[in-house]
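K.L.:
Annotated transmembrane segment per Swiss-Prot: 25-45, 69-90, 105-125, 170-190, 218-238, 280-300, 312-332, 339-358, in sequence order, evidence recorded as similarity to another entry. Among the features that Swiss-Prot reports, heme b b562 binding site is placed at HIS75, HIS174. The feature heme b b566 binding site is assigned by Swiss-Prot to HIS89, HIS188. According to Swiss-Prot, the feature ubiquinone binding site maps to HIS193, an assignment based on similarity to another entry.
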Amino acid sequence: MSNQHAXMXSNLLPVGSNISTWWNFGSMLLACLMLQIMTGFFLAIHYTANISLAFSSVIHITRDVPYGWIMQNLHTISASLFFICIYTHIARGLYYGLYLNKEVWLSGTALLVTLMATAFFGYVLPWGQMSFWAATVITNLLTAIPYLGVTLTTWLWGGFSINDPTLTRFFALHFILPFIIISLSSVHIILLHSEGSNNPLGTNSDIDKIPFHPYHSYKDMLMITSMITLLLLILSFSPDLLNDPENFSKANPLVTPQHIKPEWYFLFAYGILRSIPNKLGGTLALLLSVMILTTTPFTHTSFTRSMMFRPLSQILFWTLIATFITITWTASKPVEPPFITISQTTSIFYFSFFILTPLLGWTENKMMMTNN
């Protein structure tokens, strides 16, 4: 009877035998989320959402609270690892055509937007110099909305400038949004398992499936262990690697930093925003840089799902990756030549990927039909 139970348990989740390491990032994201919620809870115990005390409370956590520096640095570094994993997860989806499972892809895009909002609110909380000015610049983009802009901005701020009510509501939102992320993640996973995982070939996996446990579960554990090892290495040897030096100074509304920029994981969107000299145009481009992902399920034209056998599409995909990295790099630089030109060129390349992919799909279809 025990053998029957073991066989039943191991066959509860049959998975395609050929899914690669790129399929491990979902479980790594779940590990990141759990780590963020645990460390965030301990930080919230000691944090004070008040503009006079917020910066001091973070200093108090790192200096006086036992193991507080570990909690604070784990929370910061694992946020960066979270975004590395999610960007890799999205890139895998684009490469292997996983967006054709529309419900999963659209729920994933909703997750990405929620995650970005959560990270933005979290970045404001320490009330450092860069936190304050990044919040001022980004929330001020709402004023670009015709007619309603100023009213919406005042409503979000809770006054006529970023002040105590703003910090309080940002803390409340930063605390509640991870629970919304958990709910959306559950929806994402349920929708995925109603149809099952895809595989690198883009073919139906039903003909060759193996139990998820132990084969893929051990592979997941290996990748999670590797990620945690990297996390602990950064924590031990270079905990401030990803922090902005400006954020070690308390927010001062009277002094503007020489170069205002958000965390590295938002730089691609910030670079696109900055490359357009018009405020409304830049805001729309910023929104579109993320929301354009929702168009991919509806613009797929190729006969084959995966890019594995489409060399022209592969060139386009790797151009997108290079473009993403270049925009991130230029957005971290001051607004001056040659960075303005590079930023504008790479922004055009970024959006071109989503326009050229369906056109290239048609071309590849014709090439295949000609060869046949």
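For all residues, glycine too, the Cβ spot is worked out from N, Cα and C.
The structure displayed is predicted, hence computed values, not measured ones.
Context for these features, please: burial, neighbours, distances.
P.N.:
Counting only same-chain residues six or more apart in sequence, the Cβ atoms lying under 8 angstroms from the Cβ of HIS174 (heme b b562 binding site) belong to THR118, PHE121, GLY122, LEU125.
Reduced to three states, the DSSP call for HIS89 (heme b b566 binding site) is helix.
Classification of HIS193 (ubiquinone binding site) by DSSP places it within a helix.
Beyond the ends of the transmembrane segment (218-238), by six or more residues, the same chain brings 21, 24-25, 27-28, 31-32, 70, 73-74, 77-78, 81, 85 to within a C-beta distance below 8 angstroms of the stretch.
Sequence-distant neighbours of the transmembrane segment (280-300) (same chain, 6+ residues past either end, Cβ-Cβ under 8 Å): 90, 94, 97, 99-100, 102, 105-106, 109, 112-113, 116, 141, 144-146, 268-270, 272-274, 347, 350-351, 354, 357-358, 361.
Under 8 Å from some Cβ of the transmembrane segment (312-332) lie the Cβ atoms of residues 87, 91, 94-95, 261, 264, 267-268, 270-272, 274, 302, 339, 342-343, 346-347, 349-350, 353, 356-357, 360-361, 363-364, all in the same chain and six or more residues away from its ends.
Under 8 Å from some Cβ of the transmembrane segment (339-358) lie the Cβ atoms of residues 268, 271-272, 274-276, 285, 288-289, 292, 295-296, 299-301, 313, 316-317, 319-320, 323-324, 326-327, 330-331, 333, all in the same chain and six or more residues away from its ends.
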K.L.:
Minimum Cβ neighbour count within 10 Å among the binding-site residues HIS75, HIS89, HIS188, HIS193: which residue?
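P.N.:
Comparing Cβ neighbours within 10 Å for the binding-site residues HIS75, HIS89, HIS188, HIS193, HIS193 has the fewest.
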K.L.:
Short question: which residues 6 or more past the ends of the transmembrane segment (25-45) have a Cβ under 8 Å from it?
P.N.:
61, 71-72, 74-75, 78-79, 81-82, 85-86, 88-89, 92, 175, 178, 181-182, 185, 220, 223-224, 227-228
K.L.:
What does the structure give for the C-alpha distance between HIS89 (heme b b566 binding site) and HIS193 (ubiquinone binding site)? Integer Å is fine.
P.N.:
17
K.L.:
DSSP on HIS174 (heme b b562 binding site), three-state: which is it?
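P.N.:
In three-state terms, HIS174 (heme b b562 binding site) counts as helix.
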